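Visitor: What TrEMBL shows for this protein is this:
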BINDING   N10, V11, G12, K13, S14, T15  ATP binding site
DOMAIN    1-257  domain 'OBG-type G'
DOMAIN    279-362  domain 'TGS'
Amino acid sequence: MKLGIVGLPNVGKSTLFNAITEAGAESANYPFCTIEPNIGVVAVPDQRLAVLNEMYQSEKVIPASIEFYDIAGLVRGASKGEGLGNKFLSHIREVEAILHVVRCFEDSDITHVEGDVNPLRDIETINLELVFSDLEIIEKRIQKTEKLIKSDKSLIEELELLKLIKEALEEGNTVRTLDLSPEQQKIVRSFNLLSSKPTIYVGNVSEEDIKNYGADNQYVGKLKELASGENAEVVVICAKIEAEIAELDEDEKQMFLDELGLKESGLDRLIKASYSLLGLISYLTAGPKEVRAWTIKNGLKAPQAAGKIHSDFERGFIRAEIVAFNDLVACGSHGAAKEKGLVRLEGKEYIVKDGDVILFRFNV
Ligand code: GDP
């Protein structure tokens with residue numbers, strides 16, 4: 001999963017991104033993450049892996065991972081080429097979801113590029129850049145489709161949809177906020193528009209305000225109101241605290257969070273929110289060599305889920321041996337679960353569930 005961090009300058013993006021790279025997954029497991037300076041890879045926290053590791057005494061544990069892309073440099077006028085505008089916009093095209101960092105902390109020492117702290121205006125500034133960029137694409141597409149439609153009437157619906165989108169964009173609305181049918185959504189996905197990407201607004205609050213997740217912060221209230229009308233999520237963090245947490249080991253981290261009265265780090269909450277926003281689940285594989293979590297879209301059938309491991313697994317799929325994580329743990333071992341009939345053989349139509357522990361059988 002790829003997430004892009006965007007936001008105006010001086011809102012806390014680098015602080016958050018540095019915390020992410022610091023907390024980063026072991027690079028041995030993710031060789032590519034040491035290459036690109038603007039990509040941070042973190043492990044998806046999953047307590048089930050430790051339980052399976054205990055059971056199988058595996059050589060390796062590999063959690064699922066998320067790639068965070070630091071897309072700094074988005075400023076007012078980016079769509080017109082201000083700054084390195086278009087370059088940054090094209091980076092957004094590559095990610096599956098947007099984490100839009102918004103400044104909700106007051107600090108007179110830290111300049112705000114727009115003069116004062118005002119999350120709604122900041123969000124509009126960034127969103128408008130996405131909207132302008134999309135509008136350009138849609139207008140070109142309309143011209144092309146109008147030509148093609150003369151010989152291909154099947155494009156009528158697409159043209160209608162394009163015009164609907166154009167209207168919304170011209171009013172300054174993101175494509176994400178449009179109420180579209182599933183068929184229309186499918187067409188829209190193929191356009192890969194920036195303002196159609198699922199979005200999480202990350203409210204960056206002060207060290208004081210994070211203690212109750214920004215409940216007393218007036219800007220967070222406004223942010224939540226805006227997000228609820230936009231099909232977007234809000235996660236409240238304190239980037240500075242995240243930076244401190246990132247330097248601690250697992251035990252110290254928990255102690256530090258307890259002191260602050262927090263259950264989980266902002267990063268862990270961001271990962272959870274991203275999973276839920278994108279409709280993702282994890283299935284597990286376990287053996288003496290390796291215990292591992294794999295991220296898939298909820299609703300995938302067994303062969304496609306297998307394809308996540310290797311395309312051969314999908315092509316040559318025969319069947320899957322599946323036991324639910326909870327059943328496996330309750331029985332104590334795979335053998336015991338099998339004796340109780342809890343290890344099922346599933347075929348090509350089986351829809352994989354979160355926490356399924358799977359062994360795929362396939363032909364090469
Ligand atoms: P970016 O331009 O969006 O990447 O912003 P930075 O991460 O560089 O942050 C800009 C300034 O705000 C830096 O001086 C940070 O130390 C400060 N900053 C970031 N997050 C917080 C925060 O949660 N609280 C406070 N007080 N300052 C912060």
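Here, residue 1 is simply the first one shown, and the rest follow in order.
Cβ coordinates are placed from backbone N, Cα and C, and glycine is handled just like the others.
Bear in mind that TrEMBL entries carry predicted annotations, made automatically and left uncurated.
Help me picture these features in the structure, burial and contacts included.
Guide: If you take the C-beta of N10 (ATP binding site) and look for same-chain residues 6 or more apart in sequence within under 8 angstroms, you find R103, I110, T111, H112, V113. DSSP assigns N10 (ATP binding site) to coil in the three-state reduction, outside any helix or strand.
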Visitor: Please spell out the DSSP helix, strand and coil residue counts for the domain 'TGS' (279-362).
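Guide: DSSP classes over the domain 'TGS' (279-362) add up to 24 helix, 35 strand, 25 coil.
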Visitor: Within its own chain, what residues at least 6 apart in sequence put their Cβ under 8 Å from the Cβ of G12 (ATP binding site), listed in sequence order?
Guide: V101, R103, F105, N204, A239, K240
Visitor: Can you see whether DSSP assigns T15 (ATP binding site) to helix, strand or coil?
Guide: helix
Visitor: Determine which residues of this chain, when N10, V11, G12, K13, S14, T15 are set aside, have a Cβ within 8 Å of the centroid of the ATP site's Cβ atoms, and list them as they appear in the sequence.
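Guide: Here the nearby residues are G7, P9, L16, V101, R103, N204, A239.
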